[in-house]
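A short worksheet on the structure shown next.
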Amino acid sequence: MLEQQRGKLWLVVAAAGYGKTTALRRLFPGPTVRWQRECDVDALLRGELAELATGATQLVLDGLPAMSERTEQALLHAIAGLPDGVRLALSSRWPVGCAASSWLTRMVPAQLRPAELSLTTDQVDEVLHTEYGLTAPALAQRVHEITAGWPALVRLVAETLVAEGVPAGPLLPAVTEPGGLVTRYLAEEVLGPLPEDVRRLLHEVADLAPVTAGVCAVTGHPAAGPQLGRLLRTGLLTRVGTDPDTGPRVVPVIAAVAGHDRPPVTRGTLLRAATWYRDHGPARAAAFTFRLGGDDAALAAVLDEHGDRMIAAGRPGAIAELVTTLPAPLRTRRLRLLAGDALRTAGDVAAAARAYQEVAAAEPRWEPGIAWRMGLIHYLRGDQPRALADFARGDEAPGCPTDQAMLLAWTAAATARSGDAAAGVEHAWRAYRRAAETGRDSALATAHVSLALCLGLTGDQVGGEEHYRLALGIAERTGDLVLLARILVNQSYHLVEQARYPAALAAAQQAAGHAEAAGHANLYAMAAGTEADMLAMLGRYDDAAARYAQVLACHQRMGSRRCADTYLGLAELYLMRGWREQARAAFVEAVRLADDSDSRKLAVRAHAGLARVLLPDDTAAAARHAAEATRLASDDLRVPALLAQGWVALAGGYAAHTARLAGEALDLARSGGLRAGLARALELRAVAEIDPGRARAALREAYAIWADASAVGDAARTALALSRLPGATADDRFAALLATERLAAGGGSIDQEETPPDQPADGQPSNGVGRVGVLVRALGRFEVRVAGAAVPPSAWQSRRARDLLRILVVRRGRPVPRGELCELLWPDDDPSRTGHRLSVLLSIVRGVLDPDRVFASDHYLVTDAASVALDVTHLRVDVMEFLGAVTHGRRLLDRGAQAEARTILTAAVRDYRADVFSDEPYADWASALREQARAAYVAALRMLADAHRSAGNSDAAVDCLLRLLEKDPYDEPAHRMLVRTLVAGGQHGEARRAFTRYRAAMRAIGVRPPDEIILTPRVGVRPSATVVPRPR
């Protein structure tokens, strides 16, 4: 990312070890940059700066010392006087330009701060794994927590762990022992140069967050404001995310080392800080600091008053721990329920259930506050019946109006997810009215979310979105991270149904971020699951697989039955990659989990998916699962069940019934706003259509939906089906080729198993959508494949039947006179005797191409009394597709579509297995097509080499040129381009050897050998990249 930013003036300020020089080398690469290290500012001001800038375009002053304000002003004025063409960077361990007046109006610098230089948790994981071989679970997160991603500290901690081992207990004391690597480095490079009062400040506020001037004042540092600013700018204080409750704070390893040889912070100091937090906020800081100071009564009071908001703001596990540390007399009913809420939010559902049960056991009649909490445990586990049973226990009981509203809202959600969305809407409206009476934000927002969920499930997308908008406003105003995450999770679900996959991915990622910050494991798993689903739909298969693994681990830790949803996503991902057996196993597990959880929505999807994957191998089992999906499906869940039934009917040969099912699914998807369901129903309609024109219209509409949704795999599948329709254009075929090549490049694959039967049992003719059909391979050895299987030699009955089809292929659909065919097949026989033989051969060829006699006799072979022709619109001929691809690639290059041209030409070159009919090298009737295909292959290699050179990929260009010269060793332009490409790529030894071969080839054919001048790099031509650079 740094390389994309090219300002005139850069400022990089951070403490030692943040990687300032490394970052500047990325911003200012190359040997032409002038570097000045360990700068003498006085010398710079006496004229050295002007001398360094003379004739320079890029100048780096690395390692500026601490400066007085006057010296700093003088340096900045000197910099302002440099020529406009000079790009300049300043780096220092000390804040530069702290005062706003320091920077002249035209010199506002681009800055790299410690936060931008720090490593992310993923980057820490990569360092630990690749550089140090450390792979302990969650170690990267633990290291990031104590170092804040400070690059040098991450590596020093890693070296310590390699030498001493990874401790089972806390990491911080193990890596900051006196005399250790981390301690010595910080003492010498970071803490040592700081004034004593700053080191003491770091020690005394080490356990406080946020560290502000106000809290510093009550702890004995009344003038700490400017010091805090400097510590923030150099990265000793760091902010954790955007939550003001958690930052700024002292980097934990700094705090630990700063405390060496110092007395502990006094209890009085901690209690003064806690009281300041209680009076000024945030409440969470007050609670934690009262605990450190040992004032249990004050801690209990803060939790009682602010506990709900503290959970909503994040770190619920820590809130639960605060409650459990209180003496029993202080753990009131309210605080025990609060502990359960915190544990539930943190994802420890079993512990939350125990906390709630402890309260419920003492109350024979459940009031609404107990009922909604107990039921919510089952709801989060995906057990809707038990959730509804517990919710019902508090339905008529008196209680707090806020709890009554929460009970109604959660009852609405569970009812809707059980398949009765209409009843869910009724409960949700009751919840809304009760919440509005209370005026409590949490209850009102929860009611809005339940209304949005239920209305969406009934098809009222507009109403649903309006209530999400209202809930989102409350959550943003109150800073409720849990509510924000829940709203965004539900919004992402609706975006998925509308096939708005990029937007759904963004919402899911936002939701996951809020849920993680709040410590809400269940919402995090739900958001991350949707994120994985969308990554798969968008063709990012490896990222999706990694995300699914994280989600499964999260669900398993919680004991959640919602794993069914994750297994469904995994099954679809496996299908997208062509891994049918793994897909089947995942669907089977999804069915088991969905049936156990009694979630109709998941069960319908799981049974429908399993029916689809079983269909090629076990039609009867597929039919059973499709029937079960139909039995379970209510109106709002019927689309996947109808589609499963449709594919089963199609496999049984019932095209008319398939069309009726597709039409019913279309109506439901259209009325429910389910764009993905609409596209899938259109695909089913297309394969069941009698009229190819209507089939094409249905597929084009489905393709438009998938393309608009950026659904890579689905768009490729639909494009491929379009290309296989009778009458498909060359543009259709090339669009399919581009789509499938992009899909394959990302690790995807088109499932070829869902194909219609050759002959519908209900007598309806097939339009051929999705059929593998007939493929004739003329490149290399002659071969015919029907429905994906090679035709065995015995099926031909006669060698001349094979020759007849070969000759017709060579003519590429043009009629061949019968007499000419007889002459080619029986050159020495009496023509009066060969006419009947030709008719016999035509019958054999028809039988080979259409063994089940599905089509009319003229479907593949068009004959009359005078001639015979191959109808090339009804089958595929690889050499014709190859020639068309080369022509199309040339047109794309002429239009400047370089990337698309490379894709098309790469596929064409790959498909050129050998010369036309290489098993019949001496057949004169094949020579013209053979030479044409060979010339096209050479031209394709030449165009592809040039395209790769233009893209800076000289390795690929060299590979193309070597293959070209293998085909034609005397191709002078190819020899010349090869030498030039190797020289431009800096491969001078290879270039010399290629030049020697070039000269020898030219001498062999009597052409003047080239001059060695071509071995000289061209002036002004930069070497092209030969390798992809490593991530920076």
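Including glycine, each Cβ sits where the backbone N, Cα and C put it.
All TrEMBL annotations are machine predictions without curation.
Each residue in the domain 'Bacterial transcriptional activator' (877-1015) gets a DSSP state, and the totals come to 106 helix, 2 strand, 31 coil. Taken from TrEMBL, the feature domain 'Bacterial transcriptional activator' applies to 877-1015.
Annotated region 'Disordered' per TrEMBL: 748-769, in sequence order.
For the repeat 'TPR' (564-597), the residues of the chain that approach it from at least six positions outside its boundaries are 381-384, 529, 532-533, 536, 541, 544-545, 548, 551-552, 555, 603, 605-607, 609-610, 613-614, 625, 713, 747-751, 753, judged by C-beta separation under 8 angstroms. Look at TrEMBL and you will find 564-597 tagged as repeat 'TPR'.
In the repeat 'TPR' (564-597), helix, strand and coil residues by DSSP number 31 helix, 0 strand, 3 coil. Within the model, the domain 'Bacterial transcriptional activator' (877-1015) shows a mean pLDDT value of 89, rounded to a whole number.
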